[in-house]
Amino acid sequence: MKETLVEGGPEAPARRGPPKSDGGAESARRRKKLVTLTRPWLLLAPSLLVLAGLLLWPLIQVGKLSMQDYEVKFGGGVGTFTGFDHYTDLLSSSLLWKTVLPNTVFFAIACVGLTVALGTLVALLLNRLGAFWRLICSIAILAAWAMPAVTGTYVWIWLFQPQDGMVSQIAGSLGLIDPETTNWFTERGPFYAIATLNVIHHGFPFVAITVLAGLMTIPKELYEAGELDGANAWQRFWNITVPTIKPVFLVVTILSTIWDFKVFTQIYLQPGGDGSNEDVYNLGVFSYIQAFAKNDYGTGAAAAVLLTVLLLLITVVYIRTLFRQGEEDL
Amino acid sequence: MSIRRTTLASRVGLPVAVAALLVFTLFPVYWMISTALDPKASLRGSDVLPSGISFEHFTYVFDKGNFGTYLLNSALVGLATIVAAGLLSLFAAIAVARFKFRFRTSVLIMILIVQMVPLEALVIPLFIQMRDYDMLNSLLGLSVVYIALSLPFAIWTLRGFVATVPKEVEEAAYIDGASWPRMFWSVLLPLVAPGLVATSIFAFITAWNEFVFAYTFMKGSDKYTAAVGIYQFFGENSTAWGPVMASSTLVTLPVMIFFVVIHRKLGSGLAAGAVKG
């Protein structure tokens, strides 16, 4: 899993070759040195090629596209250089500042906070259960985790469907809403509340299972000592659990942040999320709609670059955290 | 005093918490499956039990919705991704975990960074590239994208597994006169096998669940993957919820079975990563 990163990673030792034979042959030693030098690169080459060709190169291309007006012509596309026009347009549009960025940022903050809080609570719960109930709950958590984003989203839409969805009907029968006229998906607040529920349902299992793995490494004696000192449950959690497995919390928080900033499928599939309702744009959807629905690849690319820069900033924090917590470097 | 309070809290609090957890995690799954089985799916409203049990929505998605082809497409793409990503990431993981070489740290950081790149940033240039090379609508083209997407994560995970294989085991093999390929095959591979299983499953799930690329690249309807195939039953105004939920069930169940079967390995894999934290 990604939290393998929690490990500082033992310093990989230079592999020791077979015991020296005679040590006399100079050429043999030189050949061995060449093998030692090239072998790691030969092993890495296929992966690096794939990553460079399919992740890095397109990333450079998207930067280039963001400074062009790209037009699809017969047999390919033609780009006209426009400098930073797309960026100035984007950064001066009120849609970005009033809708797109707030949607992206507040949604990510809500999802991360709630996912980590719920995941931690569930981990603490699992840690207190006996073997049988822990297994039952773990399987239920796995079921939530295993539900693909696409199908999970359809289920939440169905539950909140105007008129005939279960939640709409129950809320209607309680007199909270008029199910004939209420559409949860047309306004930003309810739209994103449903998306948040969806993302939490899908995302908290990862946090719960990772934090549980961390909890199980904490020696029981620490809690016994805490209890003897008269610490209550909250104090024991805050003064023993949190500091001991702080690295685990850091990693799950940063990973969730990265994931929740780039939520796309869950937004795009909700009614109105595919671009027909501007109020519910987030940065990813906005970029996609500009490029593929409006054929404005340049603006779409500029928005994509903006999202990438945001995520890179978070990644820098992530990498620094990893470096700081490893005893040695990577 | 404090002990009695704890027992009281656990007697009432724990079962309530467990019940709440089970409802929150399983209700959407239950709702999906029971709607798929309900012949009057779209009229369910707040009825917790289905009005009857029938497989008509399942036969509908296969007969009218071509869903068998989509499931097969997804399986093919997933299989290609497992094999290629597993092999490539194992080589790379051995390189970064076992050898010391210049730019090792830079390579690791680069791998970490490309993992953070948002799909929406890649989908535009990749779409243009694929179109220019006539690779749209190609299962192979889609597989290559998924291989790239699963690699960074797979390399990082396997790196941890390779690093935990004690060096002494390898050295003992050398002293016994084993060559490097032989050592790889009969010493290293069996020891990292659990890690390889875990990364393969995650690579498969990445490919199986992915929506954005499949939706953008695959426009000829017989080339859809299953995750995109559901979309055809989904209408803005009138959605056929029975077929939507039946096809959703077909996409979800294999992953769930996978997760439950490997849950012990999953737990130990996660623990192996997190223990040191």
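Here, residue 1 is simply the first one shown, and the rest follow in order.
Any Cβ shown, glycine's included, is placed from N, Cα and C.
Any TrEMBL annotation is an automated prediction that lacks curation.
The transmembrane segment annotation in TrEMBL covers B:12-33 (among others). Outside the transmembrane segment (B:12-33) by six or more residues, the chain places 245, 248-249, 252, 256 with a CB less than 8 A from a CB of the stretch.
Residues or ranges marked as transmembrane segment in TrEMBL: B:70-95 (among others).
Residues or ranges marked as domain 'ABC transmembrane type-1' in TrEMBL: B:71-262.
Proximity of distant same-chain residues to the transmembrane segment (B:107-128), defined by a Cβ-Cβ separation under 8 Å and at least 6 residues beyond the stretch ends, is recorded for 96, 136, 145, 149, 151-153, 155-156, 212-213, 216-217. The transmembrane segment annotation in TrEMBL covers B:107-128 (among others).
The transmembrane segment annotation in TrEMBL covers B:140-162 (among others).
If you look up TrEMBL, you'll see B:183-208 (among others) marked as transmembrane segment.
Sequence annotations record features per position, and here TrEMBL assigns transmembrane segment to B:240-262 (among others).
Within the chain, the transmembrane segment (B:183-208) has long-range Cβ neighbours (under 8 A, six or more residues past its boundaries) at 74, 77-79, 81-82, 85-86, 89-90, 93-94, 143, 146-147, 149-150, 153-154, 157-158, 160-162, 165, 169-170, 173-174, 225-227, 251, 254-255, 258, 262, 265-266, 268-269, 272. Long-range contacts of the transmembrane segment (B:140-162) within the same chain, counting only residues at least 6 positions beyond its ends with a Cβ under 8 Å from a Cβ of the stretch, are 76-78, 80-81, 84-86, 88-90, 92-94, 96-98, 111-112, 114-115, 119, 126, 130, 188, 191-192, 194-196, 198-199, 202-203, 206-207, 210, 213-214, 217-218, 225, 269, 272-273.
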